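According to TrEMBL, the protein carries these features:
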- GLU180: active site, proton donor/acceptor (ACT_SITE)
- GLU255: active site, nucleophile (ACT_SITE)
- 37-330: domain 'Glycosyl hydrolase family 59 catalytic' (DOMAIN)
- 338-453: domain 'Glycosyl hydrolase family 59 central' (DOMAIN)
- 489-663: domain 'Glycosyl hydrolase family 59 C-terminal lectin' (DOMAIN)
- 1-22: signal peptide (SIGNAL)
Amino acid sequence: MEQRATALFVLFLSLFLDFSSSQNYVLNDKDGLGRVFDGIGGLSGGGATSRLLVNYAEPYRSQILDYLFKPNFGASLHILKVEIGGDAQTTDGTEPSHMHYENDQNYFRGYEWWLMKEAKKRNPNITLIGLPWAFPGWVGNGKNWPYDFPDITAAYVVNWILGAKQYHDLDIEYVGIWNERSYNSKYIKVLRNTLDKVGLTDVGIIAADGDWSIANSIVVDPYLNDAVDVIGAHYPGTNTVMEALKTQKKLWSSEDYSTFNDEVGGGCWARILNQNYVNGLMTATISWNLVASYYEELPFGRDGLMTAEEPWSGNYVVESPIWITAHTTQFSQPGWSYLQTVGHLAQGGSYVALTDRKGNLTVVIETMTHDHSVCIRPPLLPFNVTAQNATFQLKGSFVSIKELQVWRSQFNFKTKKPSFFEKLTPLKLSDGTFTLNLAEDEVYTLTTVKTGQKGSYPNPPPSARFPKVYKDDFNVRTPPFSEAPDFADQTGVFEYYVNLTDPGPHVFTLRQVLTQRPVTWATDADQTISVIGDYQWQNVTVTCDVFMEKVKTGGVFIAARVDKGGQSVRSAKGVFFWVFADGTYKVTNDLAGQTVLAEGQSGTRAYGWHTLSLTVQGQYASGKLNGYPLWKKAVVLTPKNGWAAIGTHSYELAQFDNFAVEADK
């Protein structure tokens, strides 16, 4: 009995000592510094992830932008990476190209120009990056591959960079080469030469903006080595490879996160922001995506640093990743250097330290547990984190620091009462030493920088569903953006159009402008389609005037209960009411037109306006043409709900006007 009691006492004492003792960590610049910090960023595009942001009314739109870009306010991002629109589906929608066709150049399409200018307005030092996910069809010269004619592709990309400067006074600092199937060394070299020939020698190339595989080629190819400035990997799981380190290039996680932005998503972001450097020596991390500003039912809903998906209500949500970002971005800047003394904590978690080499020091600590920091990809191997005491000793040039500002985030998963980016009492240092009692799932910043701020605005309006009654006549003489509000193009590009040949009521319309399938990595549909509205809509009437511009084989549709978009748009189902230029109509249960619910003669022709009306009530659908019933009581068993939509039978020119929706529920 006495032996058992002694054993229990020894066990208790050892546990007490483990908990109460403190592990020591040295922060020192005496033996030199680590790699130069390049920043934390967000990605708009890949694709159409900021689509709804532009439709917010003021002051809410500016407030959202402040939370993203304004220094010492919210995320205070250092980097903005945008899609070079390629007219193709690139995850959640299509973004328009600056060159739909070879002889066409327009540097005012889309919203990325506007977004870059807004970011630059708030932070003149922000780094701008462009990356094409897809290309207009003419670039591939009939093939779904952009690199067979590298001179053409390089000129196309360089035109975008030149247009950014000429028309918007935007300096693009990096351009990416991205393709998940392979990279193309010849194209990279041609792009470098093309940039240099037009004076863009300062524009760096990120390659392959996918994985680390290009490192093997860089090591053995001096011309490729000279062409590439940054090796960028997507979702590296905080790890790099030896071949990439051997190149001595900058290593970036050039696309990361892509995780639902609840508290676990915030935990994922906290863990990888630190450990991308601790484990992989990556000096920049860029979140896909910047802001979840697309219909939530599209792929990867709410996978942004914050959420702004209701321009009709004005509601937005500042999610936890915004404040996790601030722990690093508000207290260090690109050009600072990591210390060599970074690493993992003894009981789990990690710490990094950065300096401006002018006396300032910032330390970021995270203790995220496994289940509270899982990212969408790659799979996360098991690890343990427990509460611990950590003592940090400042040495080298930091030994004279007497006080550190303290900022803390506590996720508090058990109580479900998180506290993010809270300013605590400054920490007084004795002999350059301080000790922290670190609980699980916390983030700390300790810094000499005193300018940090948790910015705030009055609460935005409450969340609300998309209006049940919605109309748009597209009568906008000088539209601020090329897209109509709230329409989300999923295949094809729908732009405001001035129909100068029509003196009647259809002068200002919405036009589908693509006539050739783009070069794309996603499974774009063979039809074009733009969705709008409330995904929960069931009983609706959709009305729209349509104008076909393709003789004999042209066709257009309006639709209800559309159940898929994004990368899955090709398999979208719903109720699709088609009319064709050969004088027929068809009602189908799918976008591909394979499941026919009704069909017959319509008398419709190209180059004439027709009014289509589709009503879906319960299990029945009916349609009108020019105000007269054309078909009725088609049986619709599935889907039960979905968006409204407009579109065309193929990549063809067509116009739409006087769009309206009325929903019962």
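Start at 1 and count along the chain as shown; that gives each residue its number.
In case you wondered, yes, glycine gets a Cβ from its N, Cα and C as well.
Mind running through what each feature is packed against?
Residues within less than 8 Å, Cβ to Cβ, of GLU255 (active site, nucleophile) and separated from it by at least 6 positions along the same chain comprise LEU43, GLY46, ASP209, GLY232, HIS234, TYR235, ILE286, TRP288.
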Within the domain 'Glycosyl hydrolase family 59 catalytic' (37-330) only, compute the mean pLDDT.
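Taking every residue in the domain 'Glycosyl hydrolase family 59 catalytic' (37-330) and averaging pLDDT yields 96.
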Count up the helix, strand and coil residues in the domain 'Glycosyl hydrolase family 59 central' (338-453) according to DSSP, in that order.
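Final tally across the stretch: 3 helix, 54 strand, 59 coil.
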